[in-house]
Protein chains: 2
Amino acid sequence: MSSSYKQPPHKLTMIPGPIEFSDEVLGAMATPSQAHTSPEFVATFQSVLKNLRKLFKSEDAEAQPYVLAGSGTLGWDVASANLVSPGDKVLVLSTGFFSDSFAECLKVYGADVDVVTAEVGDVVPLKTITDKLKSEKYSAITITHVDTSTSVVSDVKAISEIVKKESPETLIIVDGVCSIGVEDLEFDKWGVDFALTASQKAIGVPAGLSIFFASGRAVAKALARKESTFFASLKRWTPIMKAYESGNGAYFATPAVQTITALKVSLDQILAETLDQRFAKHEQVSSQFKSSVEKLGLKILPVNHEVAAHGLTAVYLPEGVAAPDLLGALSKKGFTVAGGIHKALVGKYFRVGHMGFSVYEGHVDKLTAALQESLTELGHK
Amino acid sequence: MSSSYKQPPHKLTMIPGPIEFSDEVLGAMATPSQAHTSPEFVATFQSVLKNLRKLFKSEDAEAQPYVLAGSGTLGWDVASANLVSPGDKVLVLSTGFFSDSFAECLKVYGADVDVVTAEVGDVVPLKTITDKLKSEKYSAITITHVDTSTSVVSDVKAISEIVKKESPETLIIVDGVCSIGVEDLEFDKWGVDFALTASQKAIGVPAGLSIFFASGRAVAKALARKESTFFASLKRWTPIMKAYESGNGAYFATPAVQTITALKVSLDQILAETLDQRFAKHEQVSSQFKSSVEKLGLKILPVNHEVAAHGLTAVYLPEGVAAPDLLGALSKKGFTVAGGIHKALVGKYFRVGHMGFSVYEGHVDKLTAALQESLTELGHK
């Protein structure tokens, strides 16, 4: 498609993903058919894989980026089926619904899972993590960088330091679905072994891609073990990704040509500034939104700003305002925001996504005004 | 995106998938962001699921259509992980590379697999199938309707009749990746239990969707067993698909919103004529292409026209013409066709896809002329 594509006016999707997409990214979704092994597509996929190394801040040649047709959830299968063997102890740090779902996935593949659950709106105390690692030998630990259900951000750097000190052989697995591209993640420096995300989040591409990054030791572990999955097998995918990155087509399962082409466009746009500039921009817009929300007399779900994510905000509804009414009022004004999904708090809060394109396009200011108007209409003072 | 999108001139992708797409389908890929549970997307997904029942010619309310972000290969995992238990005997009828790969997938999930391999270019004799079913109790049989590596079409109707007679409790699993939408498949009438395909084949949508259909007894079997996969679990997906089809959003993993929107457009286009008209159109164009190829003195890979598929043609290279030279010459003239991938015959044949949009747009005639010219240039008389 020509780069001149302009999307028509539409309701702005400001949930914590799928997010709004740039015209160029959406235009690339309509790229005419290319064979998955054509020179044109091989060049696209090669660029994507090389740029993912930059996105994950990794320069380790032993580490490996992967892009599969699928969703973020598939990344949990990849981690569970390739890095953990039945009976292995896994420590899951839970900051909400998605952390718990990852634990469920691990259990399906036979892991012996210990879930440590944070207070609602808070993170798991570092002391608790230290104690757990001292008391038991874990094959892996999972950290949900940002749990999309609570908007709580975990301190991956600090947790990784503890793991490296107390139990260096434990694999560090990070669910970065709602963080990669908006929160800093230093894959090599922090010693992360596996980090997963999905296209429709801060990476700014339509849903349909499972994107993940594995350390050299994670890849080695996966290649050495007996397969317990076919489509999600790193044994199958590793040579394919290496081939594409070196400029050669290869086949295991057909890649999502158009969505990967859109991913190329989005990564080019993301990397046009430094990642640190991008994180700072998100932090600024996020802080401003949270401050506006608090000025309206509302309370955010995270217990303090330190543990509040920058790509989304979860907000308690004020007295007398029901979620469907607020979501309906915002929808009439042209915005889609999300309800709450934490089991303990369903119907008590709502969530606003502010990632990627919307942050740069000024959508958040517009939404803030619409939120204020909607609350007034609904009787909130 | 507006329905007025016109794709720019480009090299025509005439491999056995991904195929060329209509302007309307590609335009839908650029649909602005929608939440996966928005009323707009719920209506789209509902239409898709209802129309898939028509595509699979099923009116059985107990049967269930599914659309997952993934590729055709994921459908093998779904079948293997949900319908077969470790140790179960499975009979695989092999007509090429993809049949054998399906067998590999089944083995990863612990199936005890018997592969019966047809002569190259031929199908497995019905007598052999009858004998196997009499000699052993199989939990399931897999039939690759069209093996994309050989362009051989299996007679699913006749095989199903044998299964129903000799071993009615055996689940009939059909890999329809290169057949659904181009070859007739009567899901209910023939008693098929599971049929899988992918978006980028005859369904005419960019790659990124695993599409499959399960019978009531297949669904019941999947729901009753212990999960051995998370992302590919029918236990997880069945309630989600039922919700969307009844007009309600639901969440397990984020659906590929834009690609599913494109699937809606494509299914609307496909169902604008009767399926039987569509199959007849493909048969006519396919026969004409095969006849043209034979007039050029070339030989098709299938042993006769009876076992030759209608969505693609595999052709032996003539003496003195190398595959890279022919593919290169066709590429210069604006066509991408595929090399051969059957292990025994690599470098000895090439494959041309003629499915869906290309069949209706007259692409096959243009390719036929280009093929003739290219062969002449390469010294073939």
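Just so you know, glycine gets a Cβ as well, placed from its N, Cα and C.
Annotations in TrEMBL come from automatic prediction, not curation.
Not measured: the values here are computed from a predicted model.
So that you can see what the record holds, here are the features copied from TrEMBL:
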- B:Arg351: substrate binding site (BINDING)
- B:33-346: domain 'Aminotransferase class V' (DOMAIN)
- B:Lys201: N6-(pyridoxal phosphate)lysine (MOD_RES)
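Of all the recorded positions given, namely B:Lys201, B:Arg351, the one with the smallest number of surrounding CB atoms inside 10 A is B:Arg351. A separation of roughly 14 Å, to the nearest angstrom, links the Cα atoms of B:Lys201 (N6-(pyridoxal phosphate)lysine) and B:Arg351 (substrate binding site). B:Lys201 (N6-(pyridoxal phosphate)lysine) falls within neither a helix nor a strand when secondary structure is assigned with DSSP, and so counts as coil. Per-residue pLDDT, averaged across the domain 'Aminotransferase class V' (B:33-346), gives 98.
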